[in-house]
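**Student:** The structure under discussion is supplied below as structure tokens; questions concerning it will follow.
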Amino acid sequence: MSFLALLDFSSVLVFALTGALVASRAQLDLVGFAFIACLTAVGGGTVRDVLLGRDPVFWVGQPAYVLICVAAAIFVFFTAHLVESRYRWLLWLDCFALSIAVAAGTGVALSFGQPGVIVVLMGVATGCLGGLMRDVVVGEIPLVLKQGELYATAALAGSGAAMIALSVGIPTRPALLIAAATCGILRAGSLIFGWSLPVYKSRPPKV
Amino acid sequence: MSFLALLDFSSVLVFALTGALVASRAQLDLVGFAFIACLTAVGGGTVRDVLLGRDPVFWVGQPAYVLICVAAAIFVFFTAHLVESRYRWLLWLDCFALSIAVAAGTGVALSFGQPGVIVVLMGVATGCLGGLMRDVVVGEIPLVLKQGELYATAALAGSGAAMIALSVGIPTRPALLIAAATCGILRAGSLIFGWSLPVYKSRPPKV
Amino acid sequence: MSFLALLDFSSVLVFALTGALVASRAQLDLVGFAFIACLTAVGGGTVRDVLLGRDPVFWVGQPAYVLICVAAAIFVFFTAHLVESRYRWLLWLDCFALSIAVAAGTGVALSFGQPGVIVVLMGVATGCLGGLMRDVVVGEIPLVLKQGELYATAALAGSGAAMIALSVGIPTRPALLIAAATCGILRAGSLIFGWSLPVYKSRPPKV
């Protein structure tokens, strides 16, 4: 299995777990779990592949991706009641999946010889869109829109870090690992320490 | 007209009626009816065709599909006030459209020589995604997420039944009819008799 | 730059401003502004290009579109507090972007030699879908679903007007300007004077 496929597999697996956790919060049945798991797990990469004209889309050419989603859904269906805070698990698994998916999206766009702006954007899109679809479909506020948290910013920093690493001569694989690490550290720092960028305020505080 | 085109036409027509009914509940004007009718009716099949790399997408190559949606929207605009419970009509038309769309999606994926997992998934996607877009756009809880109802499950059983039928030597057309019947019976049983799969409960009842 | 690219650029710029304004109402950070700006600005045209099988999608082949979105996001982030009613600005910029995007979508579909029905639909889709994604993602009622306002209707009238203009021998460029003007006038009339089509009423008033 290629390094890029490994990244895609990992992000699909972990995003599928987050999708199934969201399904557990919506009290769906087992097939509903699998449905949301698939949507979340392959959503971002599917948009990326369609935009890049990749034919076939990664999971259509390799159905094992779908089986992984189903396995993740079954696993969560029978074990989610064992964990204390499903929402905390959701946040942290999503953080992990986001980081890997950003690296995967960046890597696929690089392998298509896209210019830097598009590579960075595909990293962000692959990372953010699956979770966005998950949250929009179940009617929750998308994580990417949570005020005062780094999410799209972490994704952007991750794929941006890969571009910088490549430009100073670091090879592709370590550059993609740097992307995942950068994204993961920023997002984790946001969850633990409340790291954030200044948000827009309609009336700026008087100084 | 081919058998597959006939399935697509039927599901488009009936999904368009459901889209127009949803538009009537949102009190839109005639063009709004047509907009939601088109989105609902061609949404699932469009995703299927884009994922399979079908070029052109079914309704782009055959604009009559769009005219059918418009006709359905006009029909509902002028007659919806005549029926007593628009929501009941919506549920039953959606059940019918779901069943046919599952068969259509399964059939198209088969004709592309896709492996079984992808065929089943395309059946589910074609059936569920149009209605999902309709419900997300108007801000209603998607039917596919309704607790304790068979929806994605009915779709999955339908396309799965077609695969089983094919594997025991039944030809494609009757296999697709079996898909539609299986899906329709399960969904109808869920609406009438409350058939359902066990849903996830965070704290399983003590026995 | 071709005339069609100019239309796409203008609609991308103005839609990006609307996306950033919506982001300001959701109090996101700068990257969140850019994320929503990009989604809004390229959403409609991306769907159009994928449906028409245009490869690459317009902004993938020309990353300057994305940079424009980012610039628009930065501009709004630092200036939005200066305007009195951000919602009024949002409505009017959206009106402007809608009109140009309808013309752009119509023009691209024409250049692909599509039949009239598809051309009209691509105009409507290019105009309406970016704003629809923006509104669905942030959880606001989509402008296209606002009761008693011309929105999809204005878009349809615009692309329809282009088809009529072409059929009476007017060349493409003026026909597309007619499309933008028709759409813009109807939408503006709806915002200022309350122009509307009759909406569906479940119980029509007794006369």
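The backbone N, Cα and C atoms fix where each Cβ goes, glycine too.
Curation plays no part in TrEMBL annotations; they are all automatic predictions.
Positions annotated as domain 'Glycine transporter' by TrEMBL: B:6-80, B:91-164. Here TrEMBL flags B:30-52, B:64-83, B:89-110, B:117-138, B:150-168, B:175-197 as transmembrane segment.
If you look at the structure here, what lies around each of the features I listed?
**Tutor:** According to DSSP, the domain 'Glycine transporter' (B:6-80) comprises 60 helix, 1 strand, 14 coil.
Per-residue confidence over the domain 'Glycine transporter' (B:91-164) averages out at a pLDDT of 94.
Here the transmembrane segment (B:30-52) has Cβ contacts under 8 Å with residues 8, 11-13, 15-20, 22-24, 58-59, 65-66, 68-70, 72-74, 76-77, 101, 104-105, 108-109, 112, 114, 122, 125-134, 137-138 of the same chain, all six or more residues outside its ends.
Outside the transmembrane segment (B:117-138) by six or more residues, the chain places 11, 15, 18-19, 22-23, 25-26, 36, 39-45, 47-48, 51-52, 94, 97-99, 101-106, 108-110, 144, 151-152, 155-156, 158-160, 162-163, 179, 183 with a CB less than 8 A from a CB of the stretch.
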**Student:** Report the DSSP secondary-structure composition of the domain 'Glycine transporter' (B:91-164) as helix, strand and coil residue counts.
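**Tutor:** Residue counts in helix, strand and coil order: 60 helix, 0 strand, 14 coil.
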**Student:** Before we move on, state whether the transmembrane segment (B:175-197) and the transmembrane segment (B:89-110) share at least 3 Cβ pairs under 8 Å, counting only pairs 6 or more apart in sequence.
**Tutor:** yes
